[in-house]
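Per TrEMBL, the features are:
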type    : residues                                                       : note
DOMAIN  : 25-725                                                         : domain 'Myosin motor'
BINDING : GLY118, GLU119, SER120, GLY121, ALA122, GLY123, LYS124, THR125 : ATP binding site
REGION  : 589-611                                                        : region 'Actin-binding'
Amino acid sequence: MLPPPTCAGARAGAMEANPSVLATVGVGDLVLLDPLSEESLLSNLRERFLHKEIYTYIGNVVISVNPYRQLPIYSAEMVEQYCNGNFYAMKPHIYAIAEDAYSSLRDRNRDQCILITGESGAGKTEASKLVMSYVAAVCSKGADVTKVKEQLLQSNPVLEAFGNAKTIRNNNSSRFGKYMDVEFDFKGEPLGGLISNYLLEKSRVVWHVKNERNFHIFYQLLAGASDPLLKRLKLQRDCRHHGYLGDENPRLPGMDDATNFQAVQDAMRIIGFSEAEVMQLLEVTAVVLKLGDLQLSGQFQASGMDACGIQNIQGWMGRHPRIGLIGLQESILEQALCSRTVEAKQEKVVTALSVAQGYFGRDALAKNIYSRLFDWLVTRINESIQVTAGERRKVMGVLDIYGFEIFQDNSFEQFIINYCNEKLQQIFILMTLKEEQEEYFREGIKWTPVTFFDNSIICDLIESGGILVLLDEECLRPGTVSAATFLAKLDQAFGSHEHYESRKSQSDRHITDTSLPSTCFRVHHYAGKVTYNATGFIEKNTDRLYRGLAQAMWQAKHTLLRSLFPDGDPKKASLKMPPTAGFQFKASINTLMKNLYSKNPNYIRCIKPNENQAPGQFTDELVRSQVRYLGLLENVRVRRAGYAYRQPYQPCLERYRLLSTHTWPRWTGTLFNLEERRRRRVEELATVIQKTYRGWRCRTQYQLMRKSQILISAWFRGHAQKKRYQHMKRAALLIQTYARGWKVRRAPGQPVPTPALGQSRPLPQASVAHACARGDSCEFRPSLVRGGALPLLPPVLHSPFSLSPKLQKFFLGLKNNLPPLTVSDRSWPPAPYRFLTNANQELKTIFYHWKCKKYRDQLSLEKRAAMQTKLCASELFKGKKTRYGPSVPEPFQGDYVGLQKNPKYQKLQAAARGKLVLADTVRKVNQANGKVRPCRLHTPIPELPGVLAVPAQDADGTWCLLPQQTGTGGAKGDVLLVSDHVIEVVTRVHQVLLETTQQALNLQIADQ
């Protein structure tokens, strides 16, 4: 529990934060009412109601006064104002409690329930629809979410049509209890729901008091169905022709039955009903009306016993579904309605029924059909909106159940309804008055107890060994049972109970009360004294349907009607007594109470301002009685004296621990300030989480894209290289084919191979191309292309083909415009068409290589050797020596001194013996004084380990050769030589050294 602020201080802080709250009429929160009394509370409600302020707070409890008219306070703009708003920061509204419940469910992960209580006609059904519409409006707008929301909302008009009716106090009174669990995911988006229904008032099907109506669906069907549909259903549009609808005017002010019927059909389609299901539903509804039209006549058997028969069945049942409504033989239904079969000791005894007994059976069948049809309808809706089993989800429950009823004649249905309201009032007392005060006592907080009426004693009077238990015992007791025996048992058990009265108990207390008939008993409920007529309690609680009627319905050919009566199957017949209606309802209510106790409650207390359903009319005495039995004044006192905000320690710690650095060791601000700080902190943390997640997502996406790009690039490049290789291979094969053919044709003395007898001569492609170049007509066949070269040709050359004029023009032009055979000439005619560009380039390269080869073939061995030496000189000196350029056109002579012709060199020539490489006259430089004297340099032997070329010191820029001489006599020093043919000298030395030692000459070249 959080320490104070007080309740008044917390709300005052909220109002200061939002001045619009102060502009409201009267006091918006009764906790702030001063002075507090019943009169001041009533006066405040009256003032607000007359100024169209129908909502008032008691803390987090909303009081709603039914205005009986439409008010402009439920627009989309109003929804926007209350969305994500603080409960006390806005004017009191039902949207505020819906927002508080939804935000608590979404943000705090707490299951919620909204309990809507009040008298019949106080506006509970409309309040439940407003809560559901608000929750649907503030959820997200995805396609799946929208579908779920529409299905949940459209279940209301369908169930209202089949489960609501006009009563004296309410034109749209719920005649059944409905509890809807709406399931949400972790984001707060609706996933589906589950509807539970409680005790449909099925007796209304066969009887209702004057100025009331049967269930809406009957009037909507007759008013809104087309003439062909009514003809198919065997119905008449005038309600007075159907016995169960009565003779009163069926129209209600402000309600259009025809329009509502169309809305119901549309709603069923949105929920997921098929056209066949809708039609079967309407057919069974028509069967209920037609049963009310059956007339029975009295008859006498041969034995003189009374019997009965059907007068006007008129063939509406039919033996086949396409002919009649249910496909049942008339004799089977007549036998089931007019007789009863009793089994005893494996013998069947058939007993005829009187007219009264026949009508009783007819009405029992109609009530059972409609009740089972309503249960099927709820089950079918649940099949569409229910969420499949899975992980635990958040749940918001909305309870819309019949209100407390006090009529002129109260029967078993009113007793059950009021018992349910006692249980709901017990929940309100326990959670808002009793448990809160007990918590203050447990925690040792100084507290002045607030007295209130605890209705547990009334609940015990009804359920725990009380009236319902005795009623079940009386129904199961053998022998004759009646309302008198039931009343006698009640008087014996509860004659002295302070909340029970009967004629006998009053007599024992010496009280005379003529308003209490002898067949009635009275219970003092929390909302007042209610007198119940015990007549009919036994029959309605037993709710027994003759087995013959169930078996007759099971024999019908109508699929839906047959499925409603599985107990009619003879193979599944059971002699076990079914549970009573009271027992089933008590079990359902106990399950509902456990469900509500497990959730966080939110209360809407509905008040009826007048009995006439008139707008703007406020009856003080009526409202005062409701204020008293609802315990509103006691609730205000507990809220004023108690704490504004109560929460267990662990949830409080979990919610606000992220603010510990700002709130420790003591927080002195208000709860709203704390919530605002938490909201800002959550936004900051959400930003950090989003930033981190988005960065991770971007990095991951980048890495995936990078890997994908690398993989795609690798495959694409590989594919491109394969295609390029295949293209080059095809081009090479094509060129080789043409070249070989051309070579064969030009080779002299080569005979043309003669084909064998009966074979055609295969011509090479080159010959075909040459023929086509001459302009001859030619055709390629696959067998003529060697080496698989045919697929490598351009598309226009594929076999079989004829060369186009463009190709002929290209070949003829190439033949007439071939460049000269000079090696230095590298010109080539351009390709006339783009598709021949690659082939033209390949032909150019081949032609140039061919010219070079032809030139080389014409050279002698001596010229080839000289060119080889020139090539070696180019590799050594090109780009490194300035003098190399002028020396290129000068041929290498090798012998510059005339060794072979000069007789004085005969001795030296003899020593060389063919090993002579170079002979030249050089000048030797004296390193001591720099003088130059002529000498000769010859290299006939390969013993020279290396030669170093350095720039000469003379003015003409010649090169000097520095042989490195070695010998056994020791080194004599370097030799500095000057030669006019230094390029040739170095090249010759390099060749000799490479041939003899397989090592290149260690050569350093410089221009300076």
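Using N, Cα and C of the backbone, Cβ positions are placed for all residues, glycine too.
Residue density at SER120 (ATP binding site): 22 other Cβ atoms are found within 10 A of its Cβ, drawing on all protein chains shown. Taking Cβ-Cβ distances under 8 Å and a sequence separation of 6 or more, the neighbours of GLU119 (ATP binding site) in its chain are ARG169, GLY403, PHE404, GLU405, ALA527, CYS606, ILE607, LYS608, GLN626.
Across the region 'Actin-binding' (589-611), DSSP assigns 9 helix, 8 strand, 6 coil. Other residues of the chain with a Cβ within 8 Å of the Cβ centroid of GLY118, GLU119, SER120, GLY121, ALA122, GLY123, LYS124, THR125, the ATP site, are ASN66, ASN170, GLY403, CYS606, LYS608.
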